[in-house]
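*Asks:* Feature list, courtesy of TrEMBL:
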TRANSMEM  71-92  transmembrane segment
TRANSMEM  104-123  transmembrane segment
TRANSMEM  139-159  transmembrane segment
TRANSMEM  180-197  transmembrane segment
TRANSMEM  217-237  transmembrane segment
TRANSMEM  325-347  transmembrane segment
TRANSMEM  399-418  transmembrane segment
TRANSMEM  424-449  transmembrane segment
TRANSMEM  502-524  transmembrane segment
Amino acid sequence: MGDKSEQSALHTYKSLDEEGLFGSAELPKRPTGSLVMHSMAMFGREFCYGVEAAYVTPVLLSVGLPKSLYSMVWLLSPVLGFLLQPVVGSASDHCRARWGRRRPYILTLCLLMLLGMAMYLNGDTIISALIADPRRKRIWAISVTMIGVVLFDFAADFVDGPIKAYLFDVCTHRDKERGLHYHALFTGLGGALGYLLGAIDWAHLELGRLLGTEFQVMFFFSSLVLTLCFIIHLCSIPEAPLTDVAKDIPSQQAPQDLALSSDKMYEYGSIEKVKNGYVNQELVLQGGKTKNPAEQTQRTMTLRSLLRALRSMPPHYRCLCISHLIGWTAFLSNMLFFTDFMGQIVYHGDPYGAHNSTEFLIYQRGVEVGCWGLCINSMFSSLYSYFQKILVPCIGLKGLYFMGYLLFGLGTGFIGLFPNVYSTLAMCTLFGVMSSTLYTVPFTLIAVYHREEQKQRALGGGLDGSSRGQGLDCAALTCMVQLAQILVGSGLGLLVNTAGSVVVVVITASAVALIGCCFVALFVRYVD
């Protein structure tokens, strides 16, 4: 690799960061079409999330799930995600599959999402066809449906980390920012269409009569959209296997020499082959540190090494994870109870009344309007993700991060103190600002931190020898979502029972978001 003829064969590209310390990068500028294709996974995932939000409660009620088991359904998946997501992230950092590092995990999780949807949307129908005894049929239907919900949530939550790491691996810093904006854009569009699909009364339409029930219609559309979106995503930008990079680099050459053997910059996280003109310093470091790469991969999979890597995480990464936890705790506190808030507080309905009573029908109307509010949130999140590109040069990432938390805190506080149909629906636009902020800014900061570390390595310093990679960092950030779900699921129910009103939920969300404002302003690190 030190040969001048080989160096001259490498394709060089001008850095997109003209003010950076380096004049060239080894990764090409990705076309907009490739970034849009890469974002389709977020569209498919959020589309299925919208369908789940609309139908999972009716499905659970239809199979006779006891109320005592509701908390188990909603808490089991985030608990598993919080414990195992960093393991998956670390494993993908060291995956030596022929198809690349991230895509095998993404494909596996996509298949698990399809299986989970098939179980919770079709489980009752399948069990009814197989078992005649009513008692056994009810037990098996509840079991299959619960397993399906947990499996879907588990896979859908997990897949976000590998998707983000995949984007970071194959893109320059500028394209990472563009890609994250497209991710947020298609996340909002997917969620909005998922909610709209769930709002249609398919039972009275020809397709509903053809497929049998609304649940089968939902499975048909969800599985079709998810499959197409993930196929497009997996074909968007090529990956090269980790083994090919290690094979092309002489094992006796020191990592420091590799970093300084050329005046070119080796993009952190790139996974293209050297012989194709792209060099990955992270993979070179992983491939050249040990004589037996398989032993290194196996060692990084252990819980002890994982905890060591998380413990050695730099303080600014840790602060970013805490801010992400605060933001998602505030956001989920409001969103998971929003339709109930609309039905009980805004419309003054009674969810415990008789199903033919006026109070219960009013409550149902409030829930339906709440679903439209969630649709407004998704649409505005998609729209705001586009305007973020215009706002960043003006107010920077710090201003963008702070503004998202502040507007959400003020909006939820306002609807808690002054509940009204129209003002609450208007405040849903601010929920979209928060969701778009949570989907883009923290991951942009991760990319900025990695770029800064890359520059330090190229200058001959900043190597701490840790086994952390971009997959682990993205997983550590996204597992904060699972931790937030655990906190919200285990704490807010008790809080509502104590206060006797669901208003306490939005007030709590407002208070947590305003605390988050102070945290992102004082403790999160921003790099100019």
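The backbone N, Cα and C atoms fix where each Cβ goes, and this holds for glycine too.
Note that TrEMBL annotation is computational and uncurated.
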*Asks:* Report, as numbers and ranges, which residues of the same chain sit near the transmembrane segment (180-197): CB under 8 Å and 6 or more residues beyond its ends.
*Replies:* 35-36, 38-40, 42-51, 53-54, 163-164, 167, 218, 221, 371-372, 374-375, 377-386, 388-389, 432, 435-436, 439-440, 443-444, 447
*Asks:* Among 104-123, 139-159, 217-237, 325-347, 502-524, which stretch has the highest count of C-beta pairs below 8 Å with the transmembrane segment (399-418)?
*Replies:* 502-524
*Asks:* Any chance the transmembrane segment (139-159) and the transmembrane segment (71-92) have 3 or more Cβ pairs under 8 A, given the pairs are 6 or more apart in sequence?
*Replies:* yes
*Asks:* Counting Cβ pairs closer than 8 Å, which of 71-92, 104-123, 325-347, 424-449, 502-524 has the most of them with the transmembrane segment (217-237)?
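*Replies:* Of the candidates 71-92, 104-123, 325-347, 424-449, 502-524, 104-123 scores highest.
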*Asks:* Restricting to the same chain and to residues at least six past its boundaries, which positions have a Cβ under 8 Å from a Cβ of the transmembrane segment (104-123)?
*Replies:* 41, 45, 48, 52, 55-56, 59, 63, 88, 91-92, 95, 97, 141, 144-156, 158-159, 162-163, 166, 215-216, 218-219, 222-223, 226-227, 230, 233-234
*Asks:* May I ask which of the stretches 71-92, 325-347, 424-449 has the most CB pairs under 8 A with the transmembrane segment (502-524)?
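*Replies:* Answer is 325-347, with the largest number of Cβ pairs below 8 Å.
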